[in-house]
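Worksheet: one structure, shown below.
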Amino acid sequence: GIFVLGLPYALLHSGYSGLFLIILAAALCCYTGKILIACLYEENEDGQLIRVRDTYEDIANACCKNLSPKLGGIVVNVTQVMELIMTCILYLVVSGNLLSHSFPYVPVTEKTWSVIAFVTLLPCVFIKTLKIVSKLSQLCSLVHFIIILVMMTYCLTQIHQWSWAKFRLSIEFEDFLVSVGVIIFSYTSQIFLPTLEGNMKNPGEFRCMLNWTHLFACVLKTTFALTAFLTWGEETKEVITDNLPSFLQTLVNLCLLTKALLSYPLPFFAATEIVHACISKGNHSNYRSSLFALGVRGSFLLSTLLMAMFIPHFALLMGLAGSVTGAAMTFILPSLFHLKLKWKKISFLEKCADISVFGLGFLCSLAGIVCSIKGLLEVFG
């Protein structure tokens, strides 16, 4: 996605360890994706695996049924909505940044550009089906391919300037933790995995699919982040396209702007669908037809703009999102749920792996939250 643009900046603050983190995050995300899907299944009397749960919420409710039948689902839904809304905010932040750098001669602030981008997204309140979102996502993928191709081509033309000396051997601990959040956030997909697996023609191929997609994602992200950082070194900016020469920057920025605006409807639609389901309790059609539904969507849309106006720092906000919701949904909750539901059926090594992932996710989340908030406070100060 568009957040790959923050990875070279993450390498700037994490050095050689950043390359290892990109690989490790891919491996851990792949693992937690598998154990999350495993929580959807239970064995029947014949020892066959049967899918007894459909969503992340169902898994959470099953784990917390002794405390409260719906407590786990509420926690998961709140976390999911936070992550999705944070993603929407990031799209608005980066849209304002891109417009500002594309038209520097126009006397308009970055926040004003974010408002202009927001106006083009107002029709999102009328999106009621996933069909429209899927068509926008197809266009988004095409634009993304063009952007990466242009960026990589330019970086390769500068290969004579590359130097491994640009990598840091010593790193600042706080900057390193912010980089961890950025890298984690670029891999988060657990929210969509239960639905994805449930809609596959052959769910038995899910684990193989997950292995290949994370492998390709790891290779592409490492290659892109590495080539971009080697090209600009210490001058690497929060959004890597800001480093491009002016004759390419405007073209790529406009492509990125198009991609950001086309990407916005998916997390926005997913977030409002969760809220719709919670409020309407399954009576979606009546709820969608009401003016109240438009009011909720409009409120969500407006809240993303307000947050984008108050926190206009792409990398720091991305790091905070990765530390708060990304770590929870990607590492902490899947490992915790797997231990709870499968404790008697998994091996000792699997238990150790789950506990290790949980502990690592918790520490990264806690430290990342502190450092990202501190960084934001310093910027505002």
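Positions of Cβ are set from backbone N, Cα and C atoms, glycine also.
What you see is a predicted model, and the numbers here were worked out from it, not measured in a lab.
Taken straight from TrEMBL:
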DOMAIN    1-373  domain 'Amino acid transporter transmembrane'
TRANSMEM  20-41  transmembrane segment
TRANSMEM  74-93  transmembrane segment
TRANSMEM  113-130  transmembrane segment
TRANSMEM  142-164  transmembrane segment
TRANSMEM  176-196  transmembrane segment
TRANSMEM  208-230  transmembrane segment
TRANSMEM  250-270  transmembrane segment
TRANSMEM  291-311  transmembrane segment
TRANSMEM  317-337  transmembrane segment
TRANSMEM  357-377  transmembrane segment
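Scored by C-beta pairs under 8 angstroms, the transmembrane segment (291-311) has its highest count with 74-93, from the stretches 74-93, 176-196, 208-230. Each of 20-41, 74-93, 142-164, 208-230 was scored by its Cβ pairs under 8 Å to the transmembrane segment (113-130), and the highest score goes to 74-93.
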